[in-house]
Amino acid sequence: MARKMLDDGELSQTNQEESQYDFDLFVIGAGSGGVRAARFSANYRAKVGICELPFHPISSEVIGGVGGTCVIRGCVPKKILVYGATFGGEIEDARNYGWEVNEKLDFNWKKLLQKKTDEIMRLNGIYKRLLSNAGVKLLEGEGKIVGPNAVQVTQLDGTNMSYSAKHILIATGSRAHRLSIPGQELAITSDEALSLDDLPKHAVVFGGGYIAVEFASICRGLGATVDLIYRKELPLRGFDDEMREVVARNMEVRGINLHPQTNLTELIKTDNGIKVITDRGEELVADVVLFATGRLPNSKRLNLEAVGVELDKTGAVKVDEYSRTNNPSIWAVGDVTNQMNLTPVALMEGTCFAKTLFGGESSKPDYSNIPCAVFCIPPLSVVGLSEEQAIEQANGDVLVFTSSFNPMKNTISGRQEKTVMKLVVDAETDKVHGASMCGPDAPEIMQGIAVALKCGATKAQFDSTVGIHPSAAEEFVTMRSVSRRITAGGKPKTNL
Amino acid sequence: MATSFTAPKLSSPTFQTLCRNLPVFVPIPNTLYSVSRHHQRHHHRLQLQQQRQRRLLFVVRAESNNGSEPLRHYDFDLFTIGAGSGGVRASRFAANFGASVAVCELPFSTISSETTGGVGGTCVLRGCVPKKLMVYASKYSHEFDESNGFGWKYDTEPKHDWSTLMANKNAELRRLTGIYKNILGNAGVTLIEGRGKIVDPHTVDVDGKLYTARHILISVGGRPFIPDIPGSEYAIDSDAALDLPSKPEKIAIVGGGYIALEFAGIFNGLQSEVHVFIRQKKVLRGFDEEIRDFVGEQVSLRGIKFHIEESPQAIVKSADGSLSLKTNKGTIKGFSHIMFATGRRPNTKNLGLESVGVKMSSNGSIEVDEYSRTTVPSIWAVGDATDRINLTPVALMEGGALAKTIFQNEPTKPDYRAVPSAVFSQPPIGQVGLTEEQAMKDYGDIDVYTANFRPLKATLSGLPDRVFMKLIVCVKTNKVLGLHMCGDDSAEITQGYAVAIKAGLTKADFDATVGIHPTSAEEFVTMRTPTRKIRQGPESEGKMGHEAKAAAGV
């Protein structure tokens, strides 16, 4: 019907047709995916309502805020703290460049936190304005699905409001998951870590994912003692193994104590702080223990059983390629579907959803060659396949080009930290299947490389691009000799 | 003529023989030497080609042995004059391809002259590298300011010690010149210290000693040029500015090009009072107009004082040692230093070029064909000495192509399309492809996408820093013709996009790419609505391609 609306432009007539519903679309959750879908649908002239929980930096079943994880408890506040923490190293580096800086620097955590909160409040306001400018009706409260076309919103004062909608979009995101070990209540998650009253003196971070390494880097950069405990041999499972080693080495050199292949068994409250006990018999005492042990979709209190929307075993809403659930009027995008939990992916899903439903153009999100970044210090950024994935998927030989170099800035600062870059190339087609980099500015550098990879650029096309000198990025277009060729057969690594 | 790009003749056995066995006369298809994207040079190329054919003919008569391999023995297959970026690259690659190679270079000094230079050349000793190191050093003052907004506090304002920086910088330069020497040594290239001069098409004189070579490569680079005005002896150039014994208290920088802008940022960051004098209304002629406006504004906000439409007429030294700059608009006093960043000239004097008949243009640059060959068939030239696009990576490209052409039977033309470049001003600029003005001229109908925003870092620091980005898209083909950016990390961000633009990707390709959040770079893949649509009718669809040199503007 919405398509018809666009096609023949008979707006008043179709509006009447639709008047049996309060909304063409009702969105539950005003994070990245929900806001995008709501705004774009409204731009296609759909009548859109959206509900979101009241604002607070720390989320719960009943607390959220317009902007969602990305703006309030994720990308944005995290990046702000990373900026803050990066100055720690920068100031050290300045000395060999001739700058006389006090031996002991004063860092005011409360000031940074206040400014961070100001900024996310500002963004929260901008998101609200974006919605209202697009003509989307924003309702504060907890949304539940009560029928294939019915939503109930419980307001702060407990009043229930019911709305009917032709389509319902679930965009409720996810929340940090706590490990159940004795004393787990003493630990915090990333939500609280972004809003601590005081900078930790000694932080124990448990987890090997990107959130764990980012927080470890933040705390260390701001001067805390940091222990990072993870179960695998290396952090960042799923990323290129060689890059994982680089990240681990950099963290170690910057003073983070790594505890690989280690599990937490118990947390005990003591007078000196929280005693952390590992399965290797280690005991650490910390003032902050952070669990960065994964996130789970916010799907529990949506009443999805009532309408028969299927969930997978993690609680993620199952969707088809167009983000539609098994109930044809109910859709889902973003982290609640647990596909690729990244803001820009939720944006893409939201955009495609609006196009499909109201833009008259069936549109599937394309999950190939999605770049991403880990804002550890220095950061890691990747697009396409890791070396391991490329070898696994290849029919023929795989060529690996690597470059490990001392960034120019370090030649004077004296910092002992290499930047590492890698291109994974299909030997037969010459196509670049993967690019990764760990070093300063990696995420900024990788974005343009991602455009090239997305469009199937070949190594020859990389080589034919002239460098920008002197930059780190130019290494990506000057990798002349292959570091190793992995043959199709037994796929052993041979150093050429 | 431009169609001969696609002609299959380049790999023909005839041409390969030509390359291997020079000098031997082989009839050359007209198209081969007249291929030219550089429209305005086209006529000139034809003349060159005719001269070349006459010369080849002459050589054949003198030396040929019935068209077979000449019997003459040479000391080297290649003798390179000048061990900068282009010369080292060509020499190393030639040696890797099995040629016997020698390269000569002047003795090391941070200041270049007729008698001093150093292995590594301008880039390593007097250009990109020391400049970037100084940029790193000077950027800290801005970072200290930024860090205040992120909660960092300094009991006493950080002070800069000039001599520490100079000592550490020079130690690094000496390390690098050593590395370059090792690279040459490891490749089996003979390094000769001294001034090379061409005696005849196959002989080079280095301080009295003669060396013969089948091919000679001139890669002598360029040097800063200071116009001759009264008192110009008091002015310094960029060579000296990179190696001053003490911090300038108050410095005048004359010029509006990238070198002037970079040094203005360096000295401003290192806490000098900086005045920039430009002849025009805006800095960076040849760059995208919006970028010129934007960078001028941002740089001014950081405390650099611009004097526009002001040309220097004289420098006067006062009794107290301070310098005054007299311009068409008045006199400004009290400078500790006056720096001229008023262009560079090729180092082609006293090389013996005139005597062997190597043709040069009026500014002294060596004229070469698309394979970097001069009017003398055994003499070639790459890099700033040819004044094509004066960038290190372009010299590297030319050097690499040359080695392939001569020693690997693979005639290779450097490709000047979509050469990216950066200006390390503060904030820096990155660009690749056409400016809006060029794109309008070449393609008529274009869509321009722009973003002008306050980056996340600035919202916290409270500083007035902004970022400007621009994409120029051809309406007919949807291809991205140009990308421009001014703001933090511009140079790093532009490189990846340069791959995409070189590969001829479209706006739709950009749009299909998912962003990396939160970055500045993601703005380039999330530009949904054109800022303006420029329509000029069908006439000038870009068959001719474009003049890359103007695009780079440097």
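Using N, Cα and C of the backbone, Cβ positions are placed for all residues, glycine too.
According to TrEMBL, the domain 'FAD/NAD(P)-binding' annotation covers A:23-350. Annotation comment: TrEMBL describes A:CYS70-A:CYS75 as disulfide bond. The annotation FAD binding site is assigned in TrEMBL to A:LYS79, A:GLY143, A:THR172, A:GLY173, A:SER174, A:ASP335. The annotation NAD(+) binding site is assigned in TrEMBL to A:GLY207, A:GLY208, A:GLY209, A:TYR210, A:ILE211, A:ALA212, A:VAL213, A:GLU214, A:GLY294. Positions annotated as domain 'Pyridine nucleotide-disulphide oxidoreductase dimerisation' by TrEMBL: A:370-479. The annotation active site, proton acceptor is assigned in TrEMBL to A:HIS469.
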I need the CA-to-CA distance for A:LYS79 (FAD binding site) versus A:GLY207 (NAD(+) binding site), whole Å please.
19
How does the domain 'Pyridine nucleotide-disulphide oxidoreductase dimerisation' (A:370-479) divide up by DSSP, counting helix, then strand, then coil residues?
36 helix, 33 strand, 41 coil
Looking at the recorded positions listed here (A:CYS70, A:CYS75, A:GLY207, A:ILE211, A:VAL213), whose Cα lies nearest to that of A:GLY143 (FAD binding site)?
A:CYS70
Across the domain 'Pyridine nucleotide-disulphide oxidoreductase dimerisation' (A:370-479), average pLDDT on the 0 to 100 scale
97
Please tell me which one of the recorded positions listed here (A:CYS70, A:CYS75, A:GLY209, A:GLY294, A:HIS469) sits closest to A:GLY173 (FAD binding site), measuring Cα to Cα?
A:CYS70
Same chain, |i - j| six or more, Cβ under 8 Å of A:CYS75 (disulfide bond); the result in sequence order is A:THR69, A:THR343
Quick one: of A:CYS70, A:CYS75, A:LYS79, A:GLY143, A:VAL213, A:HIS469, which recorded positions have a CB closer than 8 A to some CB in chain B?
A:CYS70, A:CYS75, A:LYS79, A:HIS469
Using other CB atoms within 10 angstroms as the count, which residue among the recorded positions A:LYS79, A:HIS469 scores least?
A:LYS79
Around the Cβ of A:CYS70 (disulfide bond), other Cβ atoms found within 10 Å total 27
For the C-alpha pair, I'd like the distance in angstrom between A:ASP335 (FAD binding site) and A:CYS70 (disulfide bond), rounded off.
11
Near A:GLY143 (FAD binding site), how many other Cβ atoms are within 10 Å of its Cβ?
27
Within 10 Å of each Cβ, count the other Cβ atoms and name the one among the binding-site residues A:THR172, A:SER174 with the highest count.
A:THR172
A:GLY294 (NAD(+) binding site) and A:CYS70 (disulfide bond), compared by Cα position, are separated in whole Å by 16
A:CYS70 (disulfide bond) to A:GLY207 (NAD(+) binding site): how many Å between their Cα atoms?
20
